[in-house]
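Chemist: Take a look at this one; I'll ask things after.
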Amino acid sequence: MAAPSEPAGFPRGSRFSFLPGGARSEMTDDLVTDARGRGARHRDDTTPAAAPAPQGLEHGKRPCRACVDFKSWMRTQQKRDIKFREDCPQDREELGRHTWAFLHTLAAYYPDRPTPEQQQDMAQFIHIFSKFYPCEECAEDIRKRIGRNQPDTSTRVSFSQWLCRLHNEVNRKLGKPDFDCSRVDERWRDGWKDGSCD
């Protein structure tokens with residue numbers, strides 16, 4: 001019979017992490033993993049121990065791609081034996097870029113004069129979106145920011161400008177340059193004035 005602290009039926013040193021959708025990820029203390037985080041073989045005396053994992057990465061556990069940026073994840077790998085495919089899960093930076101592109105495009109096509117119901121729905125969408133964003137640290141940061149500065153969904157222009165200011169706050173936190181909010185329609189709706197998007 002297993003000790004109270006050990007899950008019954010699983011070998012010692014092995015735990016399961018249950019993921020959304022019922023999938024599960026096995027965590028072991030003695031597995032050597034390849035560049036994709038898959039268990040390649042059991043660790044032996046000749047296998048060097050791994051370095052401490054950065055925040056969002058735990059030894060013996062597949063990394064949460066949405067929680068960790070690519071550079072941090074790569075630092076935990078001893079060597080990279082395969083190229084990454086385009087159809088693999090996004091890392092934190094990719095997810096962030098695509099999320100902002102989606103949100104800015106959503107704001108660019110929001111109605112010029114939304115009904116009260118549309119205004120309420122969009123504000124609710126932003127709040128719900130921040131609860132389910134896959135990077136928990138990012139989601140918590142956005143929830144705090146929108147708690148201090150509620151979405152302005154009164155018009156398309158107001159919503160686009162509110163979102164641009166929010167994005168610039170996050171950019172400053174990350175040490176990135178601000179985007180000129182006077183150019184949101186050019187960037188996300190109409191295309192650049194020089195015709196390069198035509």
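In case you wondered, yes, glycine gets a Cβ from its N, Cα and C as well.
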Chemist: Looking at the disulfide bonds in Swiss-Prot, identify which of CYS138, CYS164 pairs up with CYS181.
Modeler: CYS164
Chemist: For CYS135, which disulfide partner does Swiss-Prot record out of CYS88, CYS138?
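Modeler: The record-listed partner cysteine is CYS138.
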Chemist: Just counting, how many other CB atoms are there within 10 A of the CB of ARG92 (FAD binding site)?
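Modeler: That number is 22.
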Chemist: Are there any residues at least 6 positions away along the chain from GLU169 (FAD binding site) with a Cβ closer than 8 Å to its Cβ? List them or say none.
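Modeler: For GLU169 (FAD binding site), the qualifying residues are ARG145.
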Chemist: Across the domain 'ERV/ALR sulfhydryl oxidase' (88-188), what does the mean pLDDT come to, as a whole number?
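Modeler: Result for the domain 'ERV/ALR sulfhydryl oxidase' (88-188): average pLDDT 97.
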Chemist: So of all those recorded positions, ARG92, TRP100, CYS135, CYS138, which one's Cα sits nearest to CYS181 (disulfide bond)?
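Modeler: Out of the listed candidates, the nearest Cα belongs to TRP100.
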Chemist: Which Cβ among the binding-site residues (ARG165, ARG187) has the fewest C-beta neighbours inside 10 Å?
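Modeler: Across ARG165, ARG187, these binding-site residues, the one with fewest Cβ atoms within 10 Å is ARG165.
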Chemist: If I take the Cα of LYS173 (FAD binding site) as reference, which of the disulfide-bonded residues CYS135, CYS138, CYS164 has the closest Cα?
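Modeler: Spatially nearest to LYS173 (FAD binding site) by Cα position is CYS138.
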